[in-house]
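Copied from TrEMBL, the annotated features are:
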DOMAIN    109-303  domain 'Mur ligase central'
BINDING   Gly111, Thr112, Asn113, Gly114, Lys115, Thr116, Ser117  ATP binding site
MOD_RES   Lys220  N6-carboxylysine
BINDING   Arg383, Asp407, Asn408, Pro409, Arg410, Gly460, Glu464  meso-2,6-diaminopimelate binding site
MOTIF     407-410  motif 'Meso-diaminopimelate recognition motif'
Amino acid sequence: MQLKDLLYKIPLLATSGNMNTDVTSLTMDSRKVGPGSLFIAVRGTLTDGHSYIETAIRQGAEAIVCEELPADPAPTVAYIRVQDSARAMGFVAANFYNQPSQKLKLVGVTGTNGKTSVATLLFRLFRSLGYRCGLLSTVQNQIDDEVIQATHTTPDAITTNQLLTKMLAHGCTHVFMEVSSHAVVQERIAGLSFTGGIFTNITHDHLDFHGTFDNYIRAKKGFFDQLPASAFALTNVDDKRGLVMLQNTAARKESYSLLTLATFKGKVIADSLFGLNMFIDDREVWFKLIGRFNAYNLLSVYGTAILLGEDPAEALTLLSGITPPPGRFEQVVSDDKIVGIVDYAHTPDALQNVLETINGLRYSDEQDYLPQIITVVGCGGNRDATKRPIMADIACRFSNHVILTSDNPRNEDPMAILEQMQAGVSPVDVKKMTTIEDRHEAIKQAISLARPHDIILVAGKGHETYQEIKGIKYDFDDRVVLREAFTKR
Ligand SMILES: CC(=O)N[C@H]1[C@@H](OP(=O)(O)OP(=O)(O)OC[C@H]2O[C@@H](n3ccc(=O)[nH]c3=O)[C@H](O)[C@@H]2O)O[C@H](CO)[C@@H](O)[C@@H]1O[C@H](C)C(=O)N[C@@H](C)C(=O)N[C@H](CCC(=O)O)C(=O)O
Ligand SMILES: Nc1ncnc2c1ncn2[C@@H]1O[C@H](COP(=O)(O)OP(=O)(O)OP(=O)(O)O)[C@@H](O)[C@H]1O
Ligand SMILES: N[C@H](CCC[C@H](N)C(=O)O)C(=O)O
Ligand SMILES: [Mg+2]
């Protein structure tokens, strides 16, 4: 495609060189530049793409998008100076791939917790309604049955447009994607044309990246601020910030709630270890998901189906048969009925929700025995450290025993992370707490403490199949470890 055609809709500060140059590939990474490439120099958190412009040219880049021109620009190369390279990249990518998002019904889901759950439920529901669908999520990207490994919750703009193009070629009509707060700030969603946006909730996470909670709220809101008037913006009005999200959106404002007036209103009739029973739009339905937080996820999925024109009765009937995504309240039960629950709760709010759910659901055939809750939990390294003491405190308050352990220590000292967690535990709860750095040993210890009907919550890693320590990802899957340890007893 000719360079000038890639610049459609981008505010340009200055250009030089041949705008008719033929561009054959795009990249923001100099290591991936080849002959015919357009290199977009983006300022990152670790380094500045502008310092790789020369390398990119040596490797054959024909054109450069940047915020600042090099001191001595190469005469054979075209330069485009813009205010914000990351944002420009979104539009360049959409132009290069011929605007795939405009030809799809693309729905984005944002919020601290529930993005993967909602996006995956939507993907599964719309497939069962008979559509070909795409999914971009933390667990995996998917084009109908084809699974494509995901590296981020929300991919960069080039990858997203590439995937959307593949989805279109496959005949997909609907795509559901998670929109992380990092993605909004880093402009990974710039240039995409959304049919709708969903807000789940906002609580403590990622303060390492955003600095303050207000900045984090602004990042999430930025998604809705970008939606066009033709889109819908569906928000959870039971969340304190639900309405804030829609303050400046041009999109049609819609809402869902379990507590108050809203476009889509639901009520939980029963919540058990076998599923949720709800009233939605005067219909009573059983769902396969567990926990009140999932009632919110289901309601937003139902609302989205209606906003996309589906029949309410059919949507609810099909939704009642849909299973949760992997690693979300996934149960592994031993022969003698110890209940293991693997859940991706990695924020204080998610952990508290899951533990409150478990506290309300435990039951035993034995009279007078209230099953114990044993929680195995850790916090990621090189991520928001302020959530560590809070999560340990919550784990102890809502469990009978807690084993603090590692969850992707990355480049931090695992014991230092665990010490920060320990610091949050109140003196009355300290007796409940043990620390075992090795997650495998921690799970084994939890099992050794359990009796039939006790519940072992293994929180934080969910679907993950690795433990990341000092740059190396070792095979590790909480579900497999639980299953093996149950069998070996
Ligand atoms: C903190 C963060 O979000 N970082 C993302 C960011 O990288 P960065 O800003 O650190 O980039 P950088 O390394 O400073 O490099 C700046 C620029 O120079 C370029 N470069 C660099 C080196 C070189 O030799 N040549 C070159 O051209 C890079 O390609 C880049 O364009 O941009 C990169 C490209 O898109 C991402 O891969 C990277 O994600 C890192 C790996 C990451 O761990 N991100 C996590 C925190 C994340 O994004 N998480 C969210 C949300 C999680 C959730 O709640 O679900 C997600 O959406 O996944
Ligand atoms: N609507 C919800 N409200 C509160 N907690 C939830 C909700 N949905 C799921 N959770 C909890 O949060 C955990 C993560 O859920 P999910 O993976 O759907 O969130 P996410 O927003 O995609 O997370 P990530 O930011 O890592 O992508 C679940 O395992 C569950 O414990
Ligand atoms: N998307 C989240 C995942 C956290 C999962 C947890 N297992 C960890 O590694 O911290 C993040 O990047 O913060
Ligand atoms: Mg997710």
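Cβ coordinates come from backbone N, Cα and C, glycine included.
Structural mapping of features recorded in TrEMBL.
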| residue | record | Cβ within 10 Å |
| --- | --- | --- |
| Gly111 | ATP binding site | 29 |
| Thr112 | ATP binding site | 21 |
| Asn113 | ATP binding site | 24 |
| Gly114 | ATP binding site | 25 |
| Thr116 | ATP binding site | 26 |
| Ser117 | ATP binding site | 27 |
| Arg383 | meso-2,6-diaminopimelate binding site | 19 |
| Asn408 | meso-2,6-diaminopimelate binding site | 24 |
| Pro409 | meso-2,6-diaminopimelate binding site | 22 |
| Arg410 | meso-2,6-diaminopimelate binding site | 15 |
Fewest other C-beta atoms within 10 angstroms, as judged across Asp407, Glu464, which are the binding-site residues: Glu464
Listed recorded positions adjacent to ligand 2, that is, members of Asn113, Gly114, Lys115, Ser117, Lys220 whose C-beta is under 6 A away: Asn113, Gly114, Lys115, Ser117
Proximal residue to Lys115 (ATP binding site) among recorded positions Lys220, Arg383, Asp407, Arg410, Glu464 (C-alpha distance): Lys220
Structural state of Arg410 (meso-2,6-diaminopimelate binding site), classified by DSSP into three states: strand
Thr112 (ATP binding site) as reference: those binding-site residues from Arg383, Asp407, Asn408, Pro409, Arg410, Gly460 with C-alpha within 10 Å of it: none
Entries of Lys115, Thr116, Asn408, Pro409, Glu464 (binding-site residues) sitting next to ligand 4, with Cβ under 6 Å as the cut-off: Lys115, Thr116
Pairwise CA distance, Pro409 (meso-2,6-diaminopimelate binding site) versus Lys220 (N6-carboxylysine), rounded so that it is a whole Å: 27
Listed recorded positions Lys220, Asp407, Asn408, Arg410, Gly460, Glu464, filtered to Cα within 10 Å of Gly111 (ATP binding site): Lys220
